[in-house]
Amino acid sequence: MQDILTGLNPAQKQAVEAVEGPVLILAGPGSGKTRVITHRIAYLIKVVGINPHRIMAVTFTNKAAREMETRLNLLAPSAAGRLTMGTFHAICARILRQDGLPLGVPADFVIYDDDDQQSLIKQAMAELELDPKRYPPASIRNAISQAKSQLVLPAYYFEKGRSYFEEVVGRVYELYEKRLKQNKALDFDDLLLKVVQLFKQHPEVLSRYQERYLHVMVDEFQDTNLVQYELVKMLSAKYKNICVVGDPDQSIYSWRSADLRNVFNFETDNPGAKVILLEQNYRSTKNILEAASCVIAPNSGRKPISLWTENESGQPIAVVETFNEQEEAQFVVSEIEKLTRYEKFSPGDIAILYRTNAQSRALEEAFIRYGMPYRLVSGTRFYQRREVKDIVAYLRLLQNPHDSVSLQRVINIPTRGIGAKTLSDLGQFAREQDISLYESLINLSDENAPKPPIPSRGLKPLTDFGLLLKSLITDAQNLPLLNLLDRLLEGINYREFLFASEDGEERWDNILELRTVAQQYQEIAPPEGLSAFLESVALVSDLDSLEEGVSAVTLITLHQAKGLEYPVVFMVGMEEGVLPHSRSFDDPAQMQEERRLCYVGVTRARKRLYLVRAFRRSLMGQSNVNEPSRYLKDIPQSITKGREKQPPPGQYTAASAASPVIKQHLQSAGMPVKSASPPAPKLLELEAGDKVLHPQFGEGIVTSINRVKNDAEVMISFHSVGMKRLMLSFARLTKLEN
DNA sequence: GCCTCTGGATTTTTT
DNA sequence: ATCCAGAGGC
């Protein structure tokens, strides 16, 4: 037990030893959070004597779970594999496969990702004859997902006093649920929600789990939504040993329903909760830490966490202005060149962080031009690639033939002459008979079964497809995964099909890559090998494959960078409109989140931090001049080292394209400077009473409009979120016909 | 049923 | 600038 507590600071030690009752650990960035969690688990096992089987540790990412597993193995090897450790979704999927039946969740359910979810929603909307122009499927999906994350059921939308938009959401939600059930499918939100429902409706199941888990720990608690919190509350209700670890300043996923109320209400929710602050930072230099503190300080309603470090002051923060994004990229690359050539840093020590994926483009081009190795985390994600999704859809169909979303996806892949008309006829028939699409296909080759009304010309491909599926489904029961996969690829002539398309070779390579992943499931006996594979495919992300120790510069979004650290960090695009993103301008809560995002970025850096901005930036095809990010102003000059642009080189003769420094120069020399600001945008013509659509808030009614300068303040009563005040130029409103 | 064109939108994406 | 979905033409 010596080794478990030695080397911990007093706060960490306190956190490790606080094993009784509810505990809230507020852990600043770089404060040794993972260390505390793993040591606490080791302490529970080796000192308190808890059976590892009775401990649950929940994380958000597979990567975090894996890391914890690895580190725990060093401390308490005997516990290996005996804990329940994993992501919320993985743990819930397991519970449902085992105990879902009483709730009507079949053990062989498939998991729908966001794309599948959207397909099914579109389909439901078509069935309800709802115009996707008026009710964007993405908004509806979002509304449904939000609802599910907050334990809201369709019935809520039919209560008195709901708006028409909400009623629409309710109707789609209801039908969507019905279709999910028919497809024996669950979406990501369901994995959590169904477990909560299972526990509520079947107390005997709940009490079994409650009995088992003496200790429940949750990592990244600031990212939990209401359902997730509800879940851990239920699980820990008997023994009340619930320990949550998080940092509200690093909450950047509210748009994925993360709810900070979970953190802020924890103490009132859990009387007698111990609160422990981890404030000593082991990661960054004093300068970097101070910059971080200054960035986050202006946010209101924060938990009182103030970071400190015994690390050296280090270098000043480099604040750099470049002309445009090409020059920004060039600066980054040449600076990296210097860092790796003249200093001790290697490319693997360096990361470039940005707000939006689109920003990676210019950077990549520069890296390629200079022949410098880089790795881009998640351009198009592997499991999102069309060819990979197609084959995964086939495999899902083999596990669960009722999965109509997958069936519709692959029914004409490769092209076999089954078009939209045939498909809709088939779909209508299936609905009328109340059978699945697969069953109606099978009916075609069964003499006694009712037949869908398909013109004879379209029949043959359908019948053949049905027979192909049927035989593959039998194979799925008997063949090891790789053999099954190969038989599938052969049965549909997939290689030939891909090679006939553009980028055929690359796409086939992706299939071979998928095959390599499948190889790991080869040893699991036939039907289970397939389902284990599919489950892992559904629940992994790209970040999971982010290897360490690669000798290349990492290009990564700020969101994805959470939880990572690098000796050298470049944050690019430090401009108003980029960070903070212009889409957040009209919502104070979102603006606070942008600030947290900046804070997350800054705190990724260990030794060196560069904050880079471009004077001009092309976004969506047009070039704009952006102000420096407000966050730059929050960092005191005493710890920064500015590197304003050099005097104008030849190519920057256009005054309108000059940096502010250059412009001043020109102006004082009596030269005319044309304003580089874009022309005032055309504003939407609106008046009170107009009906409008907002991409996030949905439909609303304009209650008042107040012109200011070139813009206007509009008050809008939204059906979904009530009254909001928005700036017309920023709010992406669409006018709807009254 | 397949191909081509156009219009619209384009933050972030742990599972 | 680009990507995608849906519409319309062959």
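Cβ coordinates are placed from backbone N, Cα and C, and glycine is handled just like the others.
TrEMBL labels come from automatic prediction, so no person has curated them.
In the three-state DSSP reading, A:G30 (ATP binding site) counts as coil. When Cβ atoms from all protein chains are considered, those within 10 Å of A:G30 (ATP binding site) total 23, not counting its own. What TrEMBL lists as ATP binding site is A:A27, A:G28, A:P29, A:G30, A:S31, A:G32, A:K33, A:T34.
TrEMBL lists A:6-285 with the feature domain 'UvrD-like helicase ATP-binding'.
Here TrEMBL flags A:286-563 as domain 'UvrD-like helicase C-terminal'.
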Give me the mean pLDDT over the domain 'UvrD-like helicase ATP-binding' (A:6-285), rounded to a whole number.
93
What count of other C-beta atoms do you get within 10 angstroms of the C-beta of A:P29 (ATP binding site), across all chains shown?
25
Within a 10 Å radius of its Cβ, which of these binding-site residues (A:S31, A:T34) has the fewest neighbouring Cβ atoms?
A:T34
Quick one: of A:G28, A:G32, which of the binding-site residues has the smallest count of other CB atoms within 10 A?
A:G32
